[in-house]
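J.: After the structure tokens below, expect a handful of questions from me.
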Amino acid sequence: MKRKQAMRITAVTALAAACLSACADDSGGSASAEDVDARIAEINKSLEDNLYVKAAAESGEGENTCPKTLPEGETAEIVFSIEGLSHPFLVGQVDKAKAKAEEQGATLTVISGDDDVNKQLNGVETALGSNPDALMMMPANTEGLGPILQQYEDAQIPYFFTQKGLLESNATNQVLAPYGEEGKILGEYVVEHYADSEEPVKVALISGITGDVSSVARTGSFERELLESGNFEIVAEEPGEYRREESQTAMDSILAAHPDVELVFGANDEGALGALQAIKAAGKGGEIDVVGIDGQSDIFPAIESGDVLATVKHMQTAPYVVENIMKCLSGEAVPAFQVFPGDLVDAAAIEEGAEPAF
Amino acid sequence: MTMTEKSELSPASSTRRTRGAARLSSMNLHDFGLLGALLLLVCVYAIIAPNFLTEFNLLNVLRQVSIVAIAAVGMTTVILIAGIDLSVGSTVAFSGTLAALFLTERTEIGVIAVLIAVTIAVLAGAGVGLLNGLIIGLLGVPAFIATLATLTGVRGFALLLTEAKPVSVPVGDYSWLGTGHIGPLPVPVLIMALVFFIGYVLLSRMKIGRRIYAVGGNESAARLSGVRVTRLILFVYIFAGACTGLAGCLASARLSSGQPAGFIGFELDVIAAVVVGGTSLMGGRGRLSGTFFGALLIGVLGNGLTLMDVQTYWKQILTGIVIVVAIVVDGIIRRRGSQAS
């Protein structure tokens, strides 16, 4: 356990270092073929140990069973510990989980951590006292969960992760966010969209939080897709912290340095919308394409008006986990990891009735 | 715990005893009121909240309350001198992260390493306290503003230490501090008892305790009677910082990790415990037993609501209501008390 943790720390540090050095690279100017290959290798390395990319690669493989099955005729009691309820996405997680639990005839107790690791841990501890049949968790962060998860294991209560998880744990099943897949799907769309372009398309990337696994997975997977097609040139990468303000500032400086940029990638929709604000403020509205990820409701009007090209829906995974818990409690085996990528949404998809993810 | 709130410096010695006695009874009344409310809550929960009245759950509540309560001992002394410390949440994150950073690279964590980590956290907390004390006592900045500044600054420091990433500590002796037991009792609860005992001795058995009450009651009168107010302010903030540092250490032990971005708003939980416990924000009035019951009342309230599957938004609303009710009831009791004399 100790060695594993040490390894994880080293991996995270290495990842952060890799990203930092990548960000520090001046990727301006026309890149040679060797440079592109070197960059692809760098991305591959940074994605190697990425929880979300790994989980996607192993999605559906491996099988776990629950230590106990639910006696015939008893109602399953599931505890859902969620990091907080302060964002529409999180409220959606709970609503969808509740609906699924009701459909499957289980009771779901929701305990919010109110955006605080310590409070979340309090809730998970308190819930252990009521001896539930299963624990489902969306952790604020996964550091320091070891001891309490061990207590659940000792009590023979299986635990499951939704959205965020842990590579090295004895979780029965983890349905994780498809961060890597989302970047890839968006990348494939962009490659196809520019297939007729004769000159390499100049692209700027606005990543999320520096070193954060979700941001590394989304941005890296997107960039790799573009570089492998050979039809794109990455002229700049700046962190936007997943926030509109910061992304706008990042885009302002990108526009100053590279006025000829043709496409901007936001690691989430907030980042894309921030970039769009900067583009409009610079009087370049309509000249630069924007893509984002999440499929949140405010990006839909921007896609309809043509300001934004496309996004990928980031879906809540809690209902899948509830389904797996019920399967597992009835004695069926469930896969260790599962990743279900959401749909790509462009103007055509909205016309056909696509709905926001949250 | 007995009451030693009456001032040694009271000028009118003839009225001292009667006034003291009246205040004494009103303070006791407050404690009785709190205890009554707590018992009522426990009875109600015992009936309607599933699994509330189990040994596991009750020890759990005590353990969860202990970190807030330890920081609240320091906060009580600060509020007694009519001060406030808003930097508690940041200090808990900062001291816990420092301790975790010291331990994270080690493969073996023995008793000595744990003791060093605890010392680092306590000193880090005391250091923030010293800074607060200097800004307030020497520069004359109001406590609210001074500690608002350290709230921001210390948080920045904590985030800078690790670039905002949590630092995990190998599970072992250190996490025993937060999750272990001695006999049936959780370790943090025993540490909490020790801190309350130290606080009690300080406030009720030592001269400095009487000076704390005197400065809170009337700072200029205390100054004129020869109390070195600046020194006292420094001492109180350092003591409070050390309590907070210890709380930070236990928090990081419990989470087996330093969380530089965690515990935002923690100071408000601590202040709520102190205020519900009957300590006046105007200073000079209040005691530790009340702080303990205050912390426990808020902790038990939240625990039962969690067990009953009450939506988190309602928990926050109810906690707010309890704070207001506690203060209003305390005001009524106090007015009755002073009328009776």
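Residue numbers in this text run from 1 along the chain shown.
Placement of Cβ uses the backbone N, Cα and C atoms for every residue, glycine included.
According to TrEMBL, the record shows the following:
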- B:32-53: transmembrane segment (TRANSMEM)
- B:65-89: transmembrane segment (TRANSMEM)
- B:109-131: transmembrane segment (TRANSMEM)
- B:138-161: transmembrane segment (TRANSMEM)
- B:181-203: transmembrane segment (TRANSMEM)
- B:232-255: transmembrane segment (TRANSMEM)
- B:261-281: transmembrane segment (TRANSMEM)
- B:288-307: transmembrane segment (TRANSMEM)
- B:313-333: transmembrane segment (TRANSMEM)
J.: Looking at B:32-53, B:109-131, B:261-281, B:288-307, which one has the highest count of Cβ pairs under 8 angstroms to the transmembrane segment (B:65-89)?
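T.: The listed stretch sharing the most Cβ pairs with the transmembrane segment (B:65-89) is B:261-281.
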J.: So which residues does the transmembrane segment (B:181-203) touch in its own chain, when a touch means Cβ under 8 Å and the partner is 6 or more beyond its ends?
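T.: Same-chain contacts beyond the flanks: 1, 4, 55, 59, 62-63, 65-67, 69-70, 73, 76-77, 80, 209, 212-213, 239, 243, 246, 250, 254, 287-288, 292.
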J.: Residues sitting near the transmembrane segment (B:232-255): Cβ under 8 Å, six or more positions beyond its termini, same chain?
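T.: Cβ under 8 Å, 6 or more out: 66-68, 70-71, 73-75, 77-78, 80-81, 83, 85, 88, 91-97, 99-100, 117-118, 121-130, 132-134, 136-137, 169, 174-179, 188, 191, 195, 199, 202, 208, 211-212, 215, 262-263.
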